[in-house]
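Structure first, commentary second.
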């Protein structure tokens, strides 16, 4: 990084003397405007304050004798005024300023003052320029030599610029070059114009007039870009150079100036210019090509740009080259500029003045404005070329030395003083300064000082240790201490001490390190719909000890808050957004030592403005071109335009949608209906919504015409076996239709009919034969276009042949392969649709299982002679029957032979239900029911269970049961243990689908673990109350019994009361529905499992709500089995709901 700025200059201390130093002066080549006063600047500093004198053209300029010349106070700047007369030209010349005080004299550059001139163009009469078509031409400009030179350009007498291109262009010297002349070049005149920069005036040369001679007469209408000569024979020529001439030329350019190389060639066709550099490549970064590649430009030339540059002009007849030798010279430029020198008595020093240039400049030394050779001798001074050495300087030898480096291209002049002082150290900056810096930033602690001899400076922290220098510290020669990366531990008081042989001086700087101010949640770009609310975030984190202000600007201007724009600590809210809110919003968080900012763009979206200026053109009988100008899209591009129409005949005043068009169109052709008086409007649609409709277009009435549309949806089909209905859609009002039909591929003549309807029936026809059909619409103006041929068919009949030899193979549990022989296609008597298989489940091979015998169908499409297919989704262990028919669109054939098959045994379905009851604290009671579809003979059940505790599971346990088992009791080792159970039914094939349940959390578990509920008083009281209620109910039952007599249920229903699960003599399990095996409603199950007859109907107590009494009071029960699965699962208790059972359950 660059060093910090130097401390304040020495002259800030009033007692320190300093020789004069020039601080401001006019440029060496000074051109002034004659209309203004002339001001020649010369400012200098020093102590004592310098006095100023001037020389003009090498002689003393006596300002006091010239009333027009004044010198500004405390300055050497001259001001020359001409209010009282006089000519600025009289003051042209070379001026030099001298600034002098007791310690020496400083000199300014020699300022060449010249007055700007804008001379008039010489009067001349220009004869018309006669030129042959295809020849080259140069129109010279020769502008008057102004000061500075004018800027030239070409225009015609109508003040229109002359268009320039590869063929016609202006050269660097201002001339207008034609590589070849064309006849149309004579259509205008050509005038060179000169614009003078200081006077801001333009002078115009008398115009040139061209007369172009052609071989044949020129016809303006015959010109086109591809044949500019209109078919005339114009001789082609090889390239020749118009500028520069010959094959070689040279050019000298000064270092750091602009290099322009130009090559303009004549020829027909117009030559192309290319550039090369001998011995190397063109410097790509510096070189620019201008004026259609005719000019090579290098803005800032250096010595390596010297060399030979080649331009090549070529067309299809040949090529030529021109070499330009570029020589780079240089006015003097500094290598080592002399600097001011402050020495103490008996000290040594040196002034160095090194410069370079081409040719090499000569170095000349002056002291106080005089050649050093002619100045009084100084024994402590020795001149060695570009260096002056001082040894053991003494007080009183202060002076200002000038170094002049010059060659033939210019000069350099530098002042450097040598000041001999004897001063103890002193501090020049403020005392005990407080510096606050952001953590991890580089910081500088300034300690400007002065003394002679030059004091030595050292820094200390908190008054301890050795001097700070090295590591993350760096001390500059001007006294500044750099801390490369400030940290919290760098806080403290820093002391700088300056010392020389005459004494010491010190100063202190206190450093505080702060956290940076940062925006941690910045605003983000927003696109908002007009009228909505937008929120820009700006959350700031900063050092707690630094107050931070947050300001918002919009487009770099202060944002004025109000009822719509509200700011809080972390955001800016804009409500009811409108277009004026659009812009870039910047949040700036600023403390006294740093700041952070973040910006976001708000784009306000709105519905587009309605289209404007609807215009109708290209008016035809059935179409019109509609053109419009889109409205403002409000920053959401238009996606599409909706064109609507309104007509005044059928629905006047109702606007209807006509069509939509892409958003990049604004001119469309609308297809219209005849006899309608239209007007149109357009709606623009963008992502926000629809615009308001445009203003309606003028009305346009379409005239009558023959139909131009073909009726749609033409088809022929048979509604009966001996007809064909030809139908179509109506495509307009007041139309008739010409319909043609004939048998396909028979060569018979067309039959036709004209009708106003949309249907015609052809009768009689053969069954399912193809017809060719076509149609056209007609009205009073004539017929419309004919449709393409459509193939229609007459009606279908019932197929005569049935599929044969239906058989099956590879019978599995759920699928089977079927085979059959196909029918003759002619027997289908219609379009072949499919072979349709009817199949149904005749019965289950599981004893006692009732099945649904609903017929199902499956279609197969095949054209082979002996097709086969796979029938899936069958139920295992079942008897199926099937037959097949062939079908067309309307009918089916007679059935094939019927096939019976038995599917193989499979794995069972899940149990019908599986639930968990907790009857006491230490056991779980599990219940389930048989699967609805056993898919075979059940051989038992398999129960897997394991403990669960969150995501951890215990070791699995396995239990197996006989097929008639439907419950299981599990004793809990721990009352809080939870289990997960997996139950599946088994057949010989394997285990069926698993039914999984998890033991629930019981609401009173935690309480049960702590208190034995059976010992609680409230529980004992509740049980006594329930027992009392049951006793009362029993008394009521016995009273009813004594009144109604005994009516045994067995006498009323001729049903066997078998045990719940019975086995056949062979020991196999007989599969019955669970409801079939339950005791009858009103009966009671004994403790040994047998069914006892009930002495009375318990309709009032049990579930037999559908029961009735007959005339003698006997009970007529509904002993039907409920088959509904949901009802079965809802009846969760396997015990009768009599009062006795209630007592048993409580026990």
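All positions are counted from 1 along the displayed chain.
For all residues, glycine too, the Cβ spot is worked out from N, Cα and C.
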Among the residue ranges 605-632, 633-660, 661-688, 689-716, I'd like the one that TrEMBL describes as region 'Disordered'. 689-716
According to TrEMBL, transmembrane segment applies to one of these ranges: 974-995, 996-1017, 1018-1039, 1040-1061. Which one is it? 1018-1039
Does the structure show the domain 'Ig-like' (332-419) and the domain 'Ig-like' (122-209) touching, where I'm treating 3 or more Cβ pairs under 8 angstroms (sequence separation 6 or more) as a contact? no
Of the residues in the domain 'Fibronectin type-III' (610-705), how many are helix, strand and coil by DSSP? 0 helix, 45 strand, 51 coil
With DSSP, how much of the domain 'Ig-like' (20-108) is helix, how much strand and how much coil, in residues? 7 helix, 46 strand, 36 coil
Compute the average pLDDT of the predicted model within the domain 'Fibronectin type-III' (710-797). 91
